[in-house]
DNA sequence: AGCACGCCGACT
DNA sequence: GTCGGCGTGCTC
């Protein structure tokens, strides 16, 4: 018997091994094994049964050991790993490593305890004989005979004051049996249990929720792969629909994965979910999965799922790899959240992996969001996903009014670069008179600032990477943080030649000063990392604010941490452009969510809250904000924009790194490669490169040249991998494909 | 990833 | 003459 093994040793190659007689019976796909590689022994995963085609069988070494008697990767996850390897162009061994928790991989010893129980009952005469000849054994027998279930060995022995010798004697006679069992560490000891005890009774569903829940239940009953996109406005009660679906899946005997963005995984949410799940499926453990678990907790949770003791896992991104058995339902809450993207190798998108895993298991995928990602929305429009809608808010609260203020007009009116617009100042005055509160929100992210033209709104971007360039004051240059390209900071706007260039990087301090000028009698507090350096200051300020001792709170993202302020009826976004043009395209989405969250609660009674957004690029912000108010309208215009402009909805950003010593040769091959890519993708491909300034460290050390491609097509990645395989590279040039899974469909 | 093999510069 | 630099290749 010969097996192919993926060694977890840092190189991505399938190696073959003989299976010794003793290990043959237990051998199967997905097992974690130890295998010799050269002088060492490493962990590996059995990925194939059968002999190699390109290696002499007689030179094969034997498998050293089977680490666990059951597959560390069940069949579906093994298949998923292979798909990911192809789809994300990532090495398979790395994917296997991310799928199996470290503690499991290292074959960590399980915390075990031995349980004692009776193997058979003794006849009365046998018992009498035993009492005479071996009184201690008889005591043990009597004790165990009174127990309803197996008891821990250590406990029994200490209670009876006996030693293991007594147990051994009885075992030899076949009267007592010993079994090993794992000690549950997860039970409910992860701190999540103490969050908040919430009444567990199910809420009554409104008609829309009811219809949605029934539709999902029907999909589950079909027992085939399907994906449902649940588009429900903020506060429409999506969670109740998830819970009904989970209920249905559990009742059908299946397992469930419930993904939430990492930030949403707070003790309160988990406790709430858990109490509801308890009510739905009494006796079923719900495993919580996130990055802050200890090794032991992770191990226990993993085992509970792998053995079927637990059938539900709630967790962040990586919970999609939990070894849930008989998977019937995968829920992805807030499916548009960028937190689902892993941006280290292996790069993957949790939501997309979830959909594919559902497909492999013929399970149901349920994606929920108030603002679906464009790719999911397009999939729904194309009929690939079923679209369900929840249009009514359960709590009947009004959405906030959003004003977008064009700061270019404001600048003309005030003849200076304003910090606060008239609109915002007026709104703040009204709040102050009514004794309501205001939050001014400013996104200053570190020292990064960008170049903005106050006449035309132009923001300088890197020509290779399409991200905003960052201004570095020390050497007066604009630099791209992705590829390292740099150019001198311009004196006039490169687009409209206007000299009115502004370097963005507005601080909370300046905003505070401005507010003092317009509202001299107001109590103002500033909240950012500088002023909050003192330990409990943060908490203090939040408490004062909540108690109404502060009228205006000026702060950075950290305000979002204490979100629930019932008396806040106005939120001002001082400088929307900073967040929208930050060199991390994910940041704008996050900031955005935060604002809408604050604003969504800003209503008072029947009066809606107000949000004032100050911006130099009103079109962009209008689109962003309409995304929440009118998602369909947003989606339509955004899709058009992306099609016409540079960011199609399914763009993959592909970094292609060429390595070699001869620049001319590199140039030649990059062009050749580009031609081949174009042949396959036609006009959907854009070649941008070479990068003028490859990342220094890499350049010095390996003399790499960095080239970037961007391509827009749903099939780009698999096709590129195919291309890579058939493209013949000369010996002195190597290339690496790195794919950022932006909006994979 | 590790580790060996191998081919060019400064040293017990 | 060797020791050791890291560039290259292999691991069943």
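Quick reminder: no glycine exception, Cβ is built from N, Cα and C everywhere.
Sequence annotations record features per position, and here TrEMBL assigns Zn(2+) 1 binding site to A:453, A:456, A:493, A:496. Look at residue A:456 (Zn(2+) 1 binding site): DSSP puts it in coil. Counting every protein chain shown, 16 other Cβ atoms lie within 10 Å of the Cβ of residue A:456 (Zn(2+) 1 binding site).
What TrEMBL lists as Zn(2+) 2 binding site is A:462, A:465, A:480, A:483. Under DSSP, residue A:462 (Zn(2+) 2 binding site) is assigned to coil, being neither helix nor strand in the three-state scheme.
Per TrEMBL, domain 'Helicase ATP-binding' is recorded for A:219-390.
Residues or ranges marked as domain 'Helicase C-terminal' in TrEMBL: A:488-642.
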Long-range Cβ environment of residue A:453 (Zn(2+) 1 binding site), under 8 Å and at least 6 residues apart: A:459, A:493, A:495, A:496, A:498, A:500, A:501, A:502
Cβ-based neighbourhood (8 Å from the centroid) of the Zn(2+) 1 site, residues A:453, A:456, A:493, A:496 excluded: A:454, A:455, A:457, A:458, A:494, A:495, A:497, A:498, A:500, A:501
C-alpha spacing of residue A:462 (Zn(2+) 2 binding site) relative to residue A:456 (Zn(2+) 1 binding site), in angstrom: 18
For residue A:493 (Zn(2+) 1 binding site), the three-state class that DSSP assigns: coil
Greatest C-beta neighbour count within 10 angstroms, which of the binding-site residues A:462, A:493, A:496: A:462
